[in-house]
Amino acid sequence: MEEEQKLVKGTTNLEGSESEAKLELTVDEVVEEYVGSLGFSQMVHVFLVSLAWIFDAQSTLATIFSDAQPPAWRCKTGLCHGNNNSTGSVCGLVPGTWEWVGGNTSSIIAEWNLVCDRRFLAAVPASVYFLGSLIGSGVYGHLSDSWLGRKKTVQLSCILTSITAFATSLSPNIWTYVFFRFANGFTRSGIGICCLVLTTESVGRKWRGQVGQYGFFFFTIGFLTLPLVAYPTRTCWRNLYKLLSLLPLAYSLLLLPLVSESPRWLLIRGRDKEALQVLDRFARLNGKKKLPNNLTLVNPCGSSCDETSPKNNKENLWTTKWAAIRMVTVMLAGFGVGFVYYGVQLNVENLNFNLYVSVAINALMEIPAVVIGTFLLGFTNRRLLLSVSSYIAAVSSILCTFFSHKGGTSKVHNNNSYGGNWGQLIIEAIGFMGASTAFDILYIYCVELFPTNVRNFAVSMLRQAIMLGASVAPLLVVLGRLSPSLSFLVFGVFAISSGVLSIWLPETRNAPLYETLKQQEEEEKHSWMSQNDCALEMGK
């Protein structure tokens, strides 16, 4: 029966002209039967696309250094010793009688004096950055699913990220800096969502989870290399942003043109020939034979699926009940995961360790998170992985409260000492590994939960929820300077909630990638009924 659907027989004449049978296959079938589930061409494709995650990480986490509270201050010769300063804080000192050890340009806090009654202003740039990412995710998600496509959206995002990062380095005051951080968050938000979809849509179903994880590995590289970029610029935070503005521009102009557009997106836009060309190029680079001349791709949205008015665009995720419920559940889980994942990273300054060492250790913990996630995704249910990793993050965060002490202004003193607690650092690192695993798994899970015609939009909505959670986290980090135990406790509660929410999501391991909402609804309903029939038969 299945073969009859694939093969539409024609007539054959003696001259052999246009007589062979018409072969109709889905993109999944072409990839599995003719291209290869994961060959050399797809690995190169995935590598080139995933490089953009490096800039995404560096742009997102640059505030760990540029917005950090300087570790030490000192009195100007003979000026502040007579002041009442029993707490070791600069708040009781007369302005002008003290100075930061690293200089006034080491961070925005030092340059614009964001301490004491102005301390919460230090959280505003990071918060609005994530709010910009939240808004940008929706815009880029729509653009990449509609007329712009995945590849061009990544290119646009990289170029604008470079421009806004350089503009950030020129900020004359805190409010201009806040504006450009918002703009930078908005412009970079197209990188992650489109890179994830662009890589997973080019491989077979067996490798989707692992390929999605590769992008997070490059995000880890960006995180891990950030201290190496930040350390030489430690005396001037503006130079950090100038350096970070160069890489995405070079990538978008030199490497991204070598990347192919998603054949799935081309197909649902009615660009069947271009989709076949991409698949044929993948096949030949994999050492396979040229695709059959009589091969055509099954268009999931029918004959009315063309570039100007595709039928699939009439399908709306929010007006389809099952998809809307699923999307809300994913977004609620994403809010908690984003709050914990980014919050724990930004909260490293409250560990009372050297900032560069703390960031490096947290970045290193991303590596086992990616490796473990990649390994387990091959044979473990997505729902189980998401919940377990969330619970690990929750338990670790709660345990950190027992090692915490009141921070106050203890980091701002004359002795540049970092006593810290190795027990707390190790537990925090394990918790961050759990949060990182949950973060990675949730993105892969979201890609598999929704069909091609709304997949990028769904991932962008998840991204918005994650960014909303991340935008709240900097406020808790600033509060953590006064009460570290409270910040860790809140992180634990949100991690637990994300793990519990996974109960209401269906399992997607080894499930096909559907093309339209209608197709997915029918196929999942048929699959559910088949499973019930099998259960009834076994019960008899």
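Note: Cβ is positioned from N, Cα and C throughout, glycine not excepted.
The feature domain 'Major facilitator superfamily (MFS) profile' is assigned by TrEMBL to 45-510. What TrEMBL lists as transmembrane segment is 120-141, 153-172, 211-231, 243-259, 323-343, 355-377, 384-405, 425-445, 457-479, 485-505.
Mean pLDDT, taken over the domain 'Major facilitator superfamily (MFS) profile' (45-510), works out to 83 on the 0 to 100 scale. In this chain, the transmembrane segment (211-231) lies in contact with the transmembrane segment (355-377); the count of Cβ pairs under 8 Å, excluding pairs fewer than 6 apart in sequence, is at least 3. Residues 333, 336-337, 340, 344, 373, 376-377, 421, 423-424, 427-428, 430-435, 437-438, 441-442, 445, 483-485, 488-489, 491-493, 495-496, 498-500, 502-503 of the same chain sit 6 or more residues outside the transmembrane segment (384-405) yet have a Cβ under 8 Å from a Cβ within it.
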